[in-house]
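To start, the structure itself, in structure tokens.
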Amino acid sequence: MNEDLKVNGSGPPRDYLDAGAAVNVSAAVSSQGPVAEPKPELVVNPWDIVLCTSGTLISCENAIVVLIIFHNPSLRAPMFLLIGSLALADLLAGIGLIINFVFAYLLQSEATKLATTGLIVASFSASVCSLLAITVDRYLSLYYALTYHSERTVTFTYVMLIMLWGTSICLGLLPVLGWNCLRDESTCSVVRPLTKNNAAILSISFLFMFAFMLQLYVQICKIVMRHAHQIALQHHFLATSHYVTTRKGVSTLAIILGTFAACWMPFTLYSLIADYTYPSIYTYATLLPATYNSIINPVIYAFRNQEIQKALCLICCGCVPSSLSQRARSPSDV
């Protein structure tokens, strides 16, 4: 289309114009002023539309969780602080995806590209680190059940929050402070303007955190199975009841860890082996599932929580269902 516009705008060759026509053309141009060349049409990548839509859904969903935790003083336990940190990180990630779409097509500049990339890197890093912190908190709540509800646990939670957000902000500032490939295209990763080394560090860090989370969840499974067995013996439950409770707990942990791996592992491995020369469709196809993790997180960690369900029911209908208020927590609810 652009080539056609250029050809049509340039007119026929001068050799075919006679003297009279040349005079007429020059007179017309002088009377009408300079002729503006038609601008090329703005073509929007469908993948960018999908990412922007995903960011909108992420923002709306996690904004609900943030507001619920922020406006309920009763939700100030370490567990809810970490869930709030996860929701805030995912909320910023969704906003970053929306801003990136707007700036990419309406306000194109190096400064906006670096700023939006830094926001997305920092927010997704904080999201993954918050998931790791939640895993650590769940392990400690089971392993140190008697001393978990103490001031020491609250202090440790605040230390984790400061560390994870400080680390995430530093990772997000790296492209802004100069570690980018805007001046050297050959150093670009699959996500411009991140360098190949920057993407490799992020990917390797994710693999280490995933391995640590896997180890912690294995230990949590062992503790859940032991607790379920002890409760079954104390209440003289049947073996089938113990089996069902244990299976439910293990299945819950498998869903949590499996969802996390399925969302982030494709993009992580692709970032390690690919560079800017690879087709961009592969980057979109692996990055999109990673954004889905921020959509699933509120469902797994927030909306399944009994206290958050009560707060949400109070906001929506002004009451708490009796079935929800009388439900007891089982060893499988981890």
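Backbone N, Cα and C atoms are what each Cβ position is placed from, and that goes for glycine too.
Same-chain residues lying 6+ beyond the ends of the transmembrane segment (47-70) with a Cβ under 8 Å from its Cβ atoms: 80, 83-84, 87-88, 90-91, 93-98, 100-101, 104-105, 280-281, 284, 287-288, 291-292, 294-295, 297-298, 302-303, 308, 311-312, 315. Annotation source TrEMBL lists transmembrane segment at 47-70 (among others).
According to TrEMBL, the feature domain 'G-protein coupled receptors family 1 profile' maps to 61-301.
What TrEMBL lists as transmembrane segment is 82-108 (among others).
As annotated by TrEMBL, transmembrane segment applies to 114-136 (among others).
Residues or ranges marked as transmembrane segment in TrEMBL: 156-179 (among others). With a cut-off of 8 Å between Cβ atoms, the residues of this chain six or more beyond the transmembrane segment (156-179) that come close are 78, 81-82, 85, 89, 114-115, 117-123, 125-126, 129-130, 132-133, 136-137, 140, 193-195, 198, 202.
Long-range neighbours of the transmembrane segment (199-218) within the same chain, counting only residues 6 or more positions beyond its ends whose Cβ lies under 8 Å from a Cβ of the stretch, are 121, 125, 128-129, 131-132, 135-136, 138-139, 171, 189-191, 253, 256-257, 260-261, 264-265, 268-269, 271-272. What TrEMBL lists as transmembrane segment is 199-218 (among others).
Within its own chain, the transmembrane segment (250-269) has Cβ neighbours under 8 Å at 128, 131, 203, 206-207, 210, 213-214, 217, 220-221, 224-225, 285-287, 289-290, 292-293, 296, 300, 332-334, counting only residues six or more beyond its boundaries. For 250-269 (among others), the entry in TrEMBL reads transmembrane segment.
Long-range contacts of the transmembrane segment (281-303) within the same chain, counting only residues at least 6 positions beyond its ends with a Cβ under 8 Å from a Cβ of the stretch, are 47, 50-51, 54-55, 57-58, 61-62, 64-65, 68, 83, 86-87, 90, 93-94, 97, 124, 127, 131, 134, 190-191, 255-256, 259-260, 262-264, 266-267, 270, 274, 309, 312. Here TrEMBL flags 281-303 (among others) as transmembrane segment.
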Report, as numbers and ranges, every residue of the chain located at least six residues beyond the transmembrane segment (114-136) whose Cβ falls under 8 Å of a Cβ in that stretch; write 'none' if there are none.
79, 82-83, 85-86, 88-90, 92-93, 95-97, 99-100, 103, 157, 160-161, 164-165, 167-169, 171-176, 180, 182, 191, 193-194, 202, 206, 209, 212-213, 216-217, 220, 260, 264, 290, 293-294, 297, 301
